[in-house]
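Participant: So TrEMBL lists these for the protein:
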type: DOMAIN; residues: 30-134; note: domain 'RyR/IP3R Homology associated'
type: DOMAIN; residues: 595-756; note: domain 'Ion transport'
type: TRANSMEM; residues: 424-442; note: transmembrane segment
type: TRANSMEM; residues: 462-483; note: transmembrane segment
type: TRANSMEM; residues: 592-611; note: transmembrane segment
type: TRANSMEM; residues: 651-669; note: transmembrane segment
type: TRANSMEM; residues: 727-750; note: transmembrane segment
Amino acid sequence: SLRRSSSLNNLAAGSLNLPAGQAVAVENDIFMIDVLEFLRLMCENHYRPLQNYLRVQPDNMRSFNVINEVVGYLQELEWVLDLYSNTKLWNIDHSSIHVAYELIQCLIELVQGNYQNTACLSRPNLILGINDILCEHYPDTAWVDCIAQRAQISTKHVLPCTLQAESVLLLYSLLEGCHDESIHEAVLTNANLEAIGTYVARCESSFVTIWMQHRGRLAGQMIQTRLGFYNSTFSLESDSLNAAIRIANDERSSRKLLDIECSSEEQYHDRLRIEEHWTERISIAYKMLRLLMDAVIQHDFGMELEEEFVDDDEETQENALLTDLRNRFDGFMSRWEVRHASIEFLREGRLERIYFLKPPSCIASYRKRSVRESRASLKYRINCNLDNHSDKIQRFMFLGEQLLDEMEYVSRLQRSRINYIARYELELMNSTFLLAVIINALDFLHGAEDRDDPENHGVNLIYNISVALGLAHLVLSVLRLLAYTYNRGMQTMNKFYNTVRGQTVLNALARPDDIIVNDESKPATACFPVPLKTKSGKPLRFSSAVRKRFSRWLLRKVEVADDFSPNVSKWQRREARAWRFAIMLMSSKYNIFYLSISVLGNALALGGPAWSPIRNAIFTFNLLDVAFREKALDRVLGAVLLNRQALLETALLALVIMFIYGSLAYALFAEDFEVNDEPDTGCESLLGCIVTIFNYGLRLDEGIPSVMERPRNEFTLHNVGRHIFDISYFVVVTLLLLNMVAGIIIDSFAQLRDDTRITRTAMEGRCFICNIESGVFDQHSEGFDTHVARDHNMWAYVMIKKYLFERERTGLTGQELYLVRHFEERNYNFIPNGRALCLHGLENRIQGLGRQPGSMANSNYHSRLYSRLHPRAHIARKYL
């Protein structure tokens with residue numbers, strides 16, 4: 001099929017102005033590219049039936065392994081035999097590199113997500129071919145002509161770096177989700193780690209160069225200040241590259257560099273896309289090396305090198321090269337570990353690990369104050385009132401979508417102008433509290449002095465300083481309100497969306513009770529429509545039709561804020577943003593109260609020193625900020641407000657009871673009041689009687705009898721009524737009613753303490769993902785803290801969802817596509833329950849010894865089993 005007639009060759013040569021032989025090669029390459037693309041599209045999205053069919057055809061008398069033929073074609077394309085010198089020559093150049101690129105892409109699509117094809121491809125000849133692609137040097141002289149020719153015949157041009165990146169991706173696809181020890185051993189034995197290290201060095205150098213070029217002058221100043229070195233080219237061995245990449249990956253530096261103004265939003269996204277391009281290439285290499293390191297630890301590879309590291313002379317050349325290679329890989333892994341995370345999941349009954357690149361928005365906002373508060377609140381909500389582990393996982397994944405929305409919002413906030421105020425929220429809180437303390441101290445000194453003495457100039461000076469500080473306090477209070485409002489804007493909007501759309505979302509899927517999640521309004525984060533329910537499990541109901549209509553009207557107004565269609569005018573968008581800001585202010589009730597106190601105090605200062613006593617009293621309310629600054633006091637207020645509904649209902653009951661007693665006192669015992677001739681102790685009217693009952697009945701120890709005439713011991717109807725009135729008031733109000741309020745508050749403290757204890761026990765005594773107790777990991781692995789931070793990090797299961805849905809579906813690997821399908825179906829059975837890879841060896845050994853009677857009699861079995869794990873892991877890292 002590759003042969004062509006002379007007329008076709010001449011026609012191609014004439015149309016492209018190329019020699020006849022070169023036209024034949026071009027036409028042959030175009031035909032092979034179409035064939036390879038057809039094979040690749042047959043298996044697109046990892047369609048396993050056709051992947052298996054290309055390997056073996058069970059309905060044919062003779063099966064034809066297309067996968068082996070594609071590998072053989074790649075090997076023939078790489079090297080050609082020179083008949084004169086009888087040596088092999090490298091054949092991939094500017095005229096054939098696009099065919100090699102299609103071959104690699106076809107092999108990647110054939111192998112991803114298919115264990116049988118992985119075993120078929122994991123042969124030394126393919127791995128050695130990948131080594132050749134990574135090792136060979138490609139001349140740069142003919143690439144310009146190559147690109148021009150490919151543009152004429154409408155084919156894409158491929159650069160050597162692109163071919164090498166796809167080769168590393170093919171090597172990663174062989175290791176992804178692989179449990180076969182022979183495949184790991186084949187890759188470790190035949191892969192050229194030095195060539196991979198050189199490829200990684202080139203990618204890192206390109207990443208740092210692009211990063212410094214597009215981050216602008218500030219990036220150069222940061223590196224130059226911290227390193228004393230600035231150059232556009234780096235080598236892997238230089239300390240400058242290590243520090244430069246650490247600065248690029250550092251969270252604080254990223255936040256500072258995000259403040260660099262771009263000429264447009266499109267320019268910012270262009271810069272971000274270029275950085276993500278090189279970061280993705282480096283990430284593939286990192287994930288491939290991480291899988292190799294895990295294979296070395298799991299299968300005990302490299303133990304024969306233990307004596308070499310211990311006894312060999314470090315001055316030998318071989319050991320020096322091995323040490324240099326080890327240092328290069330150790331530096332690379334340590335530099336990029338902060339940008340990556342991993343999760344463990346179940347696929348076809350087997351436990352696998354996947355590494356992924358953290359989304360930039362998650363890195364930039366993970367440690368922000370508002371996000372930390374949301375993560376702490378999420379931990380509390382997923383552990384309270386639920387005992388079933390699967391229900392906890394479902395609630396966690398649902399609420400995690402709102403956390404992703406908030407992270408994305410905080411990341412966008414860092415690129416806006418309001419971030420100049422929002423990022424100093426904690427500093428503004430401290431400054432306003434400090435000014436409030438200073439103002440009240442000055443007011444105390446001002447009140448202690450003699451204000452009637454006109455010659456006392458110190459009093460006027462203290463007052464003027466206090467007024468000036470009050471104005472500064474007002475300005476900082478406004479900034480504090482803005483910072484708090486914008487930092488928690490997404491939290492408020494999520495609550496608003498959930499409340500308004502609670503009755504309009506689809507109720508097609510059954511959900512557990514007490515779950516509040518996002519709805520269809522957030523398609524960017526793959527939030528699917530679910531019903532909104534309250535903590536009692538009942539659907540949310542609006543209190544009135546007026547509130548319902550107003551909320552829906554407000555929702556329509558707010559949705560216009562991000563609508564840039566021609567049907568929406570600029571003024572409508574501004575109105576919508578104003579309404580959205582008003583909704584966001586609803587989450588800042590305390591800060592609004594704080595600002596109102598400052599405004600009122602400064603307004604009273606305009607009246608002069610005559611109003612200073614009232615002004616001083618107003619500013620004392622700002623000292624209540626201490627209750628929201630200290631965690632202990634914050635918990636106390638939280639306990640009081642936890643059952644606020646019960647307290648309000650009890651207060652309503654107390655109001656009714658006091659009204660009843662006031663009416664009875666006015667009707668039957670009005671003449672018994674005013675025994676001490678004190679003001680406001682009479683009962684001349686119903687209102688006065690009720691006020692007296694409220695005032696003295698709740699404050700005094702004796703209650704109402706303290707302001708009434710004592711009844712005599714005579715047996716009369718009036719005296720008997722007085723005794724019944726006094727005793728019933730003491731029992732109902734003093735004993736029952738007041739103790740009911742105290743009991744509700746005490747019960748709130750106990751409930752809060754129990755919930756905190758349950759949450760702490762659930763998060764510190766047991767892994768949330770696998771539901772295994774911490775003692776098991778402390779005895780048989782590197783420790784519980786290491787396990788929950790590295791292996792089963794609960795926040796990694798949230799971030800991987802954003803990572804997967806931000807990528808193109810056709811570019812997903814086998815593991816990634818498997819997880820995407822489960823996320824779309826809201827099926828979280830892939831999360832391991834009762835299993836962990838760090839305990840996989842223990843599980844296999846227990847299953848093997850379970851068949852032998854009396855094999856577990858030795859109590860030191862577990863310690864002997866894992867006593868050799870840590871040394872082997874250490875040697876494996878040194879070897880890599």
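Note that Cβ sites are derived from N, Cα and C of the backbone, with glycine treated the same way.
Please treat TrEMBL annotations as automatic predictions, because they have not gone through curation.
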Participant: Where else in the chain does the transmembrane segment (651-669) make close Cβ contacts, counting only residues six or more beyond its ends and a cut-off under 8 Å?
Facilitator: 683, 685-686, 689-690, 692-694, 697, 704, 708, 721-722, 725, 729, 732-733, 737, 741
Participant: Same chain, outside the transmembrane segment (592-611) by at least 6, Cβ under 8 Å from its Cβ: which residues?
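Facilitator: Tertiary neighbours of the transmembrane segment (592-611) are 432, 451, 460, 463, 467, 470-471, 473-474, 477-478, 480-481, 585, 618-619, 621-622, 625.
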Participant: Sort out the residues at least 6 away from either end of the transmembrane segment (424-442), same chain, that have Cβ-Cβ distances under 8 Å to it, and list them.
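Facilitator: For the transmembrane segment (424-442), the nonlocal Cβ contacts are 369, 462-463, 465-466, 469-470, 472-473, 476-477, 479-480, 483-484, 487, 594, 616, 619-620, 622-623, 625-626, 629.
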Participant: Could you break down the residues of the domain 'RyR/IP3R Homology associated' (30-134) into DSSP helix, strand and coil, giving a count for each?
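Facilitator: Helix, strand and coil residues of the domain 'RyR/IP3R Homology associated' (30-134) number 67 helix, 8 strand, 30 coil.
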Participant: Quick one: average pLDDT across the domain 'Ion transport' (595-756), no decimals.
Facilitator: 80
